[in-house]
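Colleague: Heads up, here are the entries from Swiss-Prot:
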BINDING   GLU88, GLU113, ASP140, ASP163  S-adenosyl-L-methionine binding site
ACT_SITE  ASP163  active site
BINDING   LYS167, ASP199, THR234, LYS235, PHE236, GLU237  substrate binding site
Amino acid sequence: MNANTPTPIDGQPTELTPSTQAALEPANHAPASPGATHIRSFVHRRGHITQRQRDALEQLMGKWAIPYAPRPLNPATAFGREAPTILEIGFGMGETTEKIALARPEDNFLGVEVFNAGVGSMLHRIETSQIPNVRIIQHDAVEVVRDMIAPDSLAGVHVYFPDPWPKKRHHKRRLLQPAFVQLLASRIKPGGYLHCATDWQDYAVQMLEVLGGEALLENTAQDYAERPAYRPQTKFETRGLRLGHGVWDLIFKRKA
């Protein structure tokens, strides 16, 4: 078997509606008391799904997706090779993940997304573009990082354009809170990186504060970084920049 040829993932397609449990509790913990708040990587939203996306979910989950399980994932087994693993949280419709994975065939990309339309779109991209170095987990990202990613194991993490929750009363729902950043940092190997991007300025300010306050991380720039060549500019981003909107990249490295 060629080192770049993936080993098919055994098992049936994962449940399409992900479970959500207490975000930073151990997997075998008892449920929190009613009314307690938890960091979650998503909220349930009803959305349109195309027939092509539906077909991909039905036909390709067993080939390219990894079922959530409350135990550490073995990337070499999942991808069929030993290679640096990059975690992509919230890949949306998969346009950026597809381009990055094709441009960096030497790396493995583990994409985490909860919404059916996005997962179906990414599965279709993997199959039609023949991208052997991408796997998908359809589940809450916080639980995946907590339960399935071993400490000091990731070469990098990408969090591009997470939900900004623009209303002030909803800021507590934003993904990049200190507890989750601390968890992410613990899963990145020394020398690895955490790359975030947002087009909401006040979220960029919060990201800079939260990432800068994490003891395991150090900023690679004085504040915000230039967009690196490996992160492609999306159509939405291009349109926003043309209209005068800003985009902020933050790249932090895990300290040795």
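Cβ atoms here come from the backbone N, Cα and C positions, even for glycine.
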Colleague: I'd like the Cβ neighbour count for LYS167 (substrate binding site), meaning other Cβ atoms within 10 Å of its Cβ, all protein chains included.
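Modeller: I get 8 for this one.
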Colleague: To the nearest Å, how far is the Cα of GLU237 (substrate binding site) from the Cα of GLU113 (S-adenosyl-L-methionine binding site)?
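Modeller: So the alpha carbons of GLU237 (substrate binding site) and GLU113 (S-adenosyl-L-methionine binding site) sit roughly 20 Å from each other.
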Colleague: For GLU113 (S-adenosyl-L-methionine binding site), what residues in its own chain, 6 or more apart in sequence, show a Cβ-Cβ distance under 8 Å?
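Modeller: In sequence order, the residues whose Cβ lies under 8 Å from that of GLU113 (S-adenosyl-L-methionine binding site) (at least 6 apart) are GLY90, PHE91, GLY92, VAL119, MET122, ILE136, GLN138.
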Colleague: Look up GLU88 (S-adenosyl-L-methionine binding site) in the DSSP assignment and reduce it to helix, strand or coil.
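Modeller: In the DSSP reduction, GLU88 (S-adenosyl-L-methionine binding site) maps to strand.
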Colleague: Among the binding-site residues GLU88, ASP140, ASP199, which residue has its Cβ surrounded by the fewest other Cβ atoms within 10 Å?
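Modeller: Counting other Cβ atoms within 10 Å of each of the binding-site residues GLU88, ASP140, ASP199 gives the minimum at ASP199.
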Colleague: Of GLU88, ASP140, ASP163, which is closest to PHE236 (substrate binding site) if I measure between C-alpha atoms? They're all binding-site residues.
Modeller: ASP163
Colleague: Taking the Cβ of THR234 (substrate binding site) as the centre, count every other Cβ atom within 10 Å, in any protein chain shown.
Modeller: 18
Colleague: May I ask for the distance between ASP163 (S-adenosyl-L-methionine binding site) and THR234 (substrate binding site), taken between their Cα atoms and rounded to an integer number of Å?
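Modeller: Each residue's Cα considered, ASP163 (S-adenosyl-L-methionine binding site) and THR234 (substrate binding site) end up 16 Å apart.
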